[in-house]
């Protein structure tokens, strides 16, 4: 997704009209067309403008032009996905939706997907911190278990060859680094059953190591165990009944623990390959050797050869296109659903644990929904992609909000409506301040100064101003015309004309049987709920149709002629659709469990309900989007990082809130589009600050730090704020 190169713009595109900058660019294009210097707006530093242009025209003209950005893609599906990333209203997705060509991957990534059967040259000492950690966590007790199994197999007599194998593997698993497990190839002439003396002579004299090229020590055996009917041996039956099951359980436990720790995935591969390959081979076919630096493998198959137990780059590992973190969190969803619906009376776990599990389960489900949307959009036309993004783009947040409103309506508890308002405000403030600020800070660590498309950011900023003004218009209206009602007031000075101290004050909208609300505020809410989606559609039409050139993105094939790569998608459209529907169903169930078990937290917690709403409930579902933004920023593509936060904030105001208002029409709840003063001030201040920061089209880590610090200051305000009335 990183801009790789610049591509001259063809003359057929023609100069853009309507601004002085466009006319200057057109003039430069006419005079410098033979040099490929075709430039157009928006503004950019003169450092990236061609020197031939700046020599004839002023620096001001050059600063107002930018070279057209060209992005590289392996195939048409990836090109469509990259193009969708720059379309307003489409989900921005960093991960590939197709399999990347193997030759295009870095050596670090190739090592992650390679099998543990590659013998390298001298790679230094195997005594590392990660290998020592393996010894302390797994090595010592695995080795001890293999010794016990070896003793049992020796006692059975017929399983003695397997006892010798387990004895060798005990030394291997104590410290497997720098050692090799090899499958010994037995010539056909030695597979003919004969006299025991002839067989023993063939096995002892003729076997040679593929690793050393020298003689192989003869295994202990009452006869030469080279028998084609391996599975009919008595020793094999004893091994499969006594020894193999115990080792499968132990190796499986090691595999699961190492896989969940992610950086220990090499150990998980080691255990899985041992269970599926090594322990199912005839014992005479398995050879365990220490690999010396001077040894060169000649013949035979290397089954296992491990050098490191820990690889920190396994956070990039993916299974069928799914990141390993999302794979590991998927069982958490099943545990949450089982505990939530089976243990409904909290006999096994408490409500707080179930709420935490339900909230954590939303993260992998959000990832699967995002991956499914990106896959369907990349393999479909624009209309289908737009419908899918508009329908399922906000499904994660809406499922939780609607579940909370339904529960609040059933219990006649206004606190749930206030929690939803806090979550909406927290999402808006977090996506405007925290998401771009964090991306600026992390991206600024690698890049001294980052630039982005200020025109596209300006469109999002204008929509944010419009949406925030529309959302909070009913609140401001109620403040002006509502009647202030207080719960209790005390005269501080004991003078009837003195000062009064009042508590639990709020604006009453139901004065005179709700005339103010039903006759004035509610019609305003419905009007705003119709205008905001209409403004969103106009913004889509503006950015995707009439003014799509403001993004200035061109997708090209990065491969040389003769090296064409066909698209091999991770998820087909039907598979992505099924996963999308199942993830949405599970998301609804987890949201229902979260709202079902949030009551004890709201009633027993000393933390303000405002703080819980604007932090946990607002930002946890957005974690996959935050990770995508950080990855874009690290690749110096801050435009997409900013667009991620802006698009979510715009969708909160222009889609999610109108949908909630529409839902309250058909299912009456306690939700009204009247927010507290704290929500109004925090949202407006955040939008103004964001717009001021994005004016010049460039940023650094300092500006990102300012946004993050302001966000944490607002969180502190919410933390110390009293709980809303009704909670």
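Note that Cβ sites are derived from N, Cα and C of the backbone, with glycine treated the same way.
Annotated features in TrEMBL:
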type     : residues : note
DOMAIN   : 129-179  : domain 'Inner membrane component'
TRANSMEM : 132-158  : transmembrane segment
TRANSMEM : 237-267  : transmembrane segment
TRANSMEM : 317-341  : transmembrane segment
TRANSMEM : 353-370  : transmembrane segment
DOMAIN   : 355-472  : domain 'Sodium/calcium exchanger membrane region'
TRANSMEM : 382-403  : transmembrane segment
TRANSMEM : 423-445  : transmembrane segment
TRANSMEM : 457-477  : transmembrane segment
TRANSMEM : 524-544  : transmembrane segment
DOMAIN   : 576-718  : domain 'Sodium/calcium exchanger membrane region'
TRANSMEM : 701-721  : transmembrane segment
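Against the transmembrane segment (457-477), the recorded stretches 382-403, 423-445, 524-544 differ in Cβ pairs under 8 Å, and the greatest number is found for 524-544. Of the ranges 237-267, 317-341, 382-403, 524-544, the one with the most Cβ pairs under 8 Å to the transmembrane segment (353-370) is 317-341. A Cβ distance under 8 Å defines the sequence-distant neighbours of the transmembrane segment (317-341), meaning residues of its chain 6+ beyond its ends; these are 95-97, 99, 112-113, 259-260, 262, 265, 348-349, 354, 357-358, 360-361, 363-365, 367-368, 371, 570-571, 586, 589-590, 593, 596-597.
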